[in-house]
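Enquirer: Take this structure first; my questions come after.
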């Protein structure tokens, strides 16, 4: 079954409405946000949030630690296949329901009337908390990278360089978030331009680095090393190769997240029922290709894994920073070129954080429009430029508060950040699960659809999310102590308990799922 393709006229009865606008009206919502984004702009926001320069650079240490080149290269290929399957399923649903609410709205529609309120409640809270965790981790990783750039610029760890305290890092994090809040308060036309600039920077940055670094480094790894070397020397008491490889998948899966941004931007995208799905699929597909290029380029500059991971190197154990710095230092006698390369990455991460706040704010706007959040009437207000500016600053404040856990314990902070991967993917999987079960017979396909393959693709997507949820909850170090315990299942479990208790105690009495604002 497919959506009817009849023309919907505007208020004057003359000009056919944009197809996304028309579909939004059919779903019962007024057009409140400015619909000004092209398919390129929609793609740009998701591509910038995925940002292979951000995810791979930030977690390259994890990849080297758990399996090394084999885990990084082949892990990327495996995760890419399953991520594209998840993206295809999401794109099909997005085509049918192009609203800013995205995932939680889809869950409500697909779960059916009796389950709709609870389904959208669970999906929405996992989605928004997962998004806030993404913004927290992205901007905090930028603060850490800035600290490493300053360290290397002042002589490096072995040359008396400046090492910032955790208080300086959190202050940097706060400053970055404020900048992102200001940028996201701009009209959508300016934000669209910045989003496209971000996508271009990410795209060109990858190509510059994947060619420059292996070209400059005087000691290149062999193809045999890059494609067959398996690092088991992790110092964490894990010797099983399959186990090490599976834990090493985290780098790839953490990187390939955030593409629900294309769905959250649909109410501002022209012909969103067609262009929203295109944004999701193209962002994931292009990220997979350029990400592989970046991984291969960097990995050919890896020759001494233990040294790169050592806290005694000039970058203080930040592997990619040390790779860049050493490549130039060994060839030219100084590492200035490597520092400039790190600045390229830092700008990409900055844009990633900017786009992440954009996506957060649209989700908060839509979720509060349906009354799910405390003080909902405040968060779904839009200003004269049709920007949900209150939701923007809410996202900034919450992301800063989540990062404050780093002052007490990095273990606690890492557990919170783990919600960025697991929490977000659970939110991705729930509407897909409802699509292949409760809505199997009644799902109304949009212009983009998978035809008869929708069910099988959906089931593979759901099973993959279940698999990674288990994998990334496994212990990553033995023996298990308070300091080495993997707190991911604890963090996700607490989130689930809080959301369910909030529902039982309060939400079930007043939250009825998505609320239309067009009176028929």
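Even glycines carry a Cβ here, placed using N, Cα and C.
TrEMBL annotations: computationally assigned, not manually curated.
Quick paste of what TrEMBL says about this protein:
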TRANSMEM  39-60  transmembrane segment
TRANSMEM  72-91  transmembrane segment
TRANSMEM  103-126  transmembrane segment
TRANSMEM  164-182  transmembrane segment
TRANSMEM  188-213  transmembrane segment
TRANSMEM  280-302  transmembrane segment
TRANSMEM  332-353  transmembrane segment
TRANSMEM  391-413  transmembrane segment
TRANSMEM  419-438  transmembrane segment
TRANSMEM  450-472  transmembrane segment
TRANSMEM  484-504  transmembrane segment
Enquirer: For the transmembrane segment (332-353), what are the same-chain contacts with Cβ under 8 Å, counting residues 6+ beyond its ends?
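Expert: Long-range Cβ neighbours of the transmembrane segment (332-353): 48-49, 51, 53-54, 57-58, 135, 138-139, 141-142, 145-146, 148-149, 152-153, 156, 176-177, 179-180, 194, 197-198, 201-202, 205, 208-209, 212-213, 216, 314, 320-321, 324-326.
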Enquirer: Count, for each of 39-60, 103-126, 164-182, 391-413, 484-504, the Cβ pairs lying under 8 Å from the transmembrane segment (188-213), and report the range with the highest count.
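Expert: Comparing 39-60, 103-126, 164-182, 391-413, 484-504 against the transmembrane segment (188-213), the winner is 39-60.
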Enquirer: Is the transmembrane segment (39-60) in contact with the transmembrane segment (484-504), using three or more Cβ pairs under 8 angstroms as the rule and ignoring pairs under 6 apart in sequence?
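Expert: Answer no, regions not in contact.
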Enquirer: Determine which recorded stretch among 103-126, 391-413, 419-438 has the most C-beta pairs below 8 angstroms with the transmembrane segment (164-182).
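Expert: Per the Cβ under 8 Å count, 391-413.
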